[in-house]
Amino acid sequence: MTEQLLLHGTLEVKIYRIDKLHQRSRFNLCGKGNKEPTGKKTQSQIKRLTDSCTSLFGGHLYATIDLDRSRVARTMMRRHPKWLQSFHVYTAHSISKIIFTVKEDEPVSASLIGRAYLPVTEVITGQPIDRWLDILDENRRPIQGGSKLHVRVKFTHVTQDVNWNKGIILPSFNGVPNAYFNQREGCKVTLYQDAHVLNEYPDVTLTGGQVIYKHHRCWEEIFDAIWEAKHLIYIAGWSVNTDVTLVRDPKRTRPGGDLKLGELLKKKAEENVTVLMLVWDDRTSHEVFKRDGLMMTHDQETYDYFKNTKVRCVLCPRNPDNGDSIVQGFEVATMFTHHQKTIVVDSEVDGSLTKRRIVSFLGGIDLCDGRYDTVEHPLFGTLNSVHANDFHQPNFDGASIKKGGPREPWHDIHCKLDGPAAWDVLYNFEQRWMKQGSGRRYLISMAQLAEITVPPLPIVQPDNEEGWTVQVFRSIDDGAVEGFPEDPREAASIGLISGKDNVIERSIQDAYVNAIRRAKNFIYIENQYFLGSSFGWNSRDINLNEINALQLIPKEISLKIVSKIEAGERFSVYIVIPLWPEGKPGSASVQAILDWQRRTMEMMYTDIIIALRKKGLDANPRDYLTFFCLGNREKGKVGEYLPPEKPEANSDYARAQESRRFMIYVHSKMMIVDDEYIIIGSANINQRSMDGGRDTEIAMGAYQPSHLLSTNNMRPVGQIFSFRISLWLEHLRVTTNAFQCPESEECIRMVNATADELWGLYSAQEYPRNDDLPGHLLSYPISIGSNGEVTNLAGTEFFPDTNAKVVGEKSNYLPPILTS
């Protein structure tokens, strides 16, 4: 077997051209050979040859780059095979060779011309390779005419990255390289946990009583921002429900707070505020099919509500880009979504009666039903108050307020950007509106904006300790935005990736990879999904070539832990995910996702255990990497809502109601690194969100220059640190000094022990307490074998109150592209 080596770092690849490509003729496509005929006769011959080749090849040839089985790049399609195209590729793959494949595009798929190979043993040295490679057929023989492909390859090992393992070092740190949006200095950032925080919830304090974090209230601040807008309100969402009420806390009323979202937006439009909405068009929501659609996003209802009003609401399908084949185009249009959740408004400027500023919101929370929740995450106690008209429980058949709880609690994270980065969120909306809205029609022009707003300049002075530096990232392609350059060289210069005949931005995945590589001490993740790096999965019972869940984040995390074990340094990773993905837990789609998740975990724990053994350490892998979920269990209370109906006997619904427990659904999309850097957005840690050509996403990465590991060699104690402590207080209901050093064995073991105890209380057949569950952070119910294999926790084959397997089950009929 050919030797495999770990290629962990960055590949710089340039594909130039093919020297000649014969096809039943002595002439070649590129016009290069031993003799160059001249004259009108020869020109006629060449024209006939070109016409015949266009017929044979469709006039469209492209090349791909594979790391063994993993496709990492592809060129644009060209009539003649001369690309001159460069690629910046992050790698974390154990491979034997780099494969360059030349294909002819066809309407349905593509046909193979040939492949060229470059052994990893040559690449891994780091020396530049500039070479003509033989193009071979499937039997490894030169194709007709002995054609060659000209490539240049340069590998840089991850340890040679100037930021590797160093955190953020100023002034040299310039943000994530090769990204579409640059990092913006002098911003303000507001961080939100959940849609609302009650007055009774305490501020976060350190030992000695020092207040380090005051809570902000997401939906109230969104309401205020919309209410106070004078010129523009731009909303993009996966789901927008006109019936939701943003302000519900009776102790925090305000003028207009009783308005529903739809009423509020119509009111603002009547005040001559430009209100534009981009709502994902669920292709399954159609009068002919099911009006609310398979995803129940209310898109058609929202569109109908605003019809013939001053609010401009556009339903946006996830249109395929021009480079997709018919099959790929069908996949994109029917399987993928517009998943961004953004709001852009104008807001007042202190000290100015005429000028306004741009403020943007982004994150995981859609403006729709089921999202309003507090850090208490009640199951039954609010069904006769704030959730009486907002009962959300999609995990049980027939669930409704009439049959009672448990409702599905919702944990999420969002943020507000103020300053130059807020404008990048505005630009994103404008690009999307021009592509799928109404062109420039209805958008406030840049000239008008210049008259009514202050320019996108820093709003915080460099010496202000509360200042932020922010960079906006996306997963998106030119099927969804206007303005991406067609020339691949121009696209590459602004951080874009050129595909067959499309242009992709994949900067969210790049942001995660860079942040993980910079990490020194710990990583804390909350995400709705956690699966990927399928190139590293065990292939004993699956064909890895069919999975294509290639995003690098899980492998980058396990390799970071391995590097720390090898160096004899502490490093801890905490990952919070839902108990299962939203939906019927025993359904084929949920079980398939859980199977991918289990394989991802297994790959990571295998890497860690191998590294521990090499160092002669008999350590628990959960001291380095640990997974959690959230759940609640409530005791009945006097005056609680009494449903007039009952769930079907012996159903999951009935059992959950009897046991009075249910998972808290983790919908967050957040990563904190070393308490100095945070990523928040709409992107899940799966292929759909990180691909760029699948679901469209937006995120931001941010830090406070005055609160870095490199500042005075002290631990950061800025807003990111405080936000993490606040989240841990929400989940664990306690704070301790150990939480200030998450990488320590003391901290991770304390958190694991508490979560183990809480899982025991949550899963117990008979609940032994007379009060609610004393914390929400539960150990994910898996067991880790001696070689890294992941199985269900002993005695927990199925999720509580269900017959659904904890570790999932491979689907034999659902396409992996749908569930990965």
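Note that Cβ sites are derived from N, Cα and C of the backbone, with glycine treated the same way.
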Further binder of 1,2-diacyl-sn-glycero-3-phosphate named by Swiss-Prot next to His339, His667, taken from the candidates Gln210, Gln461, Gln471, Gln528: Gln528
Residue among Glu730, Glu743, Glu745, Glu746 sharing the Ca(2+) site, where Swiss-Prot lists Asp194, His377, His411 as binders: Glu730
10 Å Cα neighbourhood of His411 (Ca(2+) binding site): matching active-site residues from His339, Lys341, Asp346, His667, Asp674: His667
Alpha-carbon distance [Glu730 (Ca(2+) binding site); Lys669 (active site)] in Å: 17
For the recorded positions Asp194, Asp674, the one whose C-beta sees the most other C-beta atoms within 10 angstroms: Asp194
Between Asp194 (Ca(2+) binding site) and Asp346 (active site): CA-CA distance (Å): 24
For the domain 'PLD phosphodiesterase 2' (662-689), sequence-distant contacts whose Cβ falls under 8 Å of one of its Cβ atoms, 6 or more beyond its ends: 167-168, 191, 238, 336, 339-341, 362-365, 377, 379, 405-415, 473, 475, 508, 511-512, 515-516, 518-532, 548-551, 553-554, 576-580, 582, 629-632, 656, 695, 697-704, 707-709, 715-718, 720-721, 723-724, 742, 776, 820
Per DSSP, three-state class assigned to Glu730 (Ca(2+) binding site): helix
8 Å Cβ shell about Asp194, His377, His411, Glu730 centroid, Ca(2+) site members excluded: Gln193, Asp373, Thr374, Val375, Glu376, Pro409, Trp410, Asp412, Leu630, Ile664, His731, His776
Rounded inter-Cα distance in Å - His377 (Ca(2+) binding site), His667 (active site): 13
Three-class DSSP secondary structure - His667 (active site): coil
